[in-house]
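Among the features that TrEMBL reports, divalent metal cation binding site is placed at Asp20. The (S)-malate binding site annotation in TrEMBL covers Asn161, Asn206. Annotation comment: TrEMBL describes 21-275 as domain 'Malic enzyme NAD-binding'.
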Amino acid sequence: ANAFRLLEKYRGRYCTFNDDIQGTAAVAVAGLLASLRLTGNKLADNTFVFQGAGEASLGIAELCVMAMKAEGVSEEEARSRIWMVDSKGLIVRNRPEGGLNEHKEKFAKDCPPIRTLEEVVNTAKPSVLIGAAAIRGAFTPAILRAMADNNPRPVIFALSNPTSKAECTAEEAYANTDERAIFASGSPFPEYRTKDGRVLRPGQGNNSYIFPGLALGILCAGLVDVSEDFMLLAAEALAEIVSEDDLDHGSLYPPLKDIQNCSVKIAKKIVDHAYETGKAQVQPQPLDTEEFIRAQMYCAKYQPALPPVYSWPCDTAPRVDLV
């Protein structure tokens, strides 16, 4: 309940960001940007429905607005493409049930109240469905089939964790969309083998892709004002790392084993942008940004102080007989 209040209170004056709001947003938007290489669309060509309107969903929605504005659409147009559903139904103006704060009001629709997610999906006909409300099974087979009926490649993000809280499993998403879904999750799911023998590896949109690299860049540049443009840069950097092989296997994120290199590439974008915008406090600007970043990183691979093997005394050495 305090996340937005504390972020707004201290941002610009202290070196701080909120991972639940901003880190989650960046990793989700990175997945959405990567999905565009499969759908062939721009982000602003999509209609988004969110199941949940808490800190995570609102953070993702706001960063989506920022990304769509970067593509050239107005803020009003960007917000009109986002539909949000909370525990009381679709967020609409003057909702009889109430429950709207200033952050939700920005996404309120001018239409009659709609109570269920399925009705919202059938009304809005979204191309992107995002869940972050920790309600297991919220993406029912009927909702998933509706997504498939309305889109050649429906984008479905079941971001709640742990696995027991996921809106749907990877298998459910693929099986109910004729295996056409572009799927990502907040929890790990096993590989899925399609009817034609392909193996899909659902990507896990984990915040660990973002916050270590973001924090590394912030520290290396000496940033105090961590503004939203850095979050979008982090999302863009992560999306660029996703390979064609990752996409061919249904993953919108690089393998987690490459997390350290991901962090370095994200940090490089952050540091370069900090100097371009005059926000960097570390001077002078390094000549080689990546080399400078790697030099600041801890490495636990130390040289041993003692030899790993001691030589055994030779035959001429004194002998000690035990009595």
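We count from 1, first residue shown onward.
Heads up, the Cβ atoms here are built off N, Cα and C, so glycines get one too.
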Rounded inter-Cα distance in Å - the residue listed as 'divalent metal cation binding site', Asn206 ((S)-malate binding site): 11
Fewest-neighbour residue among binding-site residues, criterion Cβ within 10 Å, set Asn161, Asn206: Asn161
Averaged pLDDT score, the domain 'Malic enzyme NAD-binding' (21-275): 95
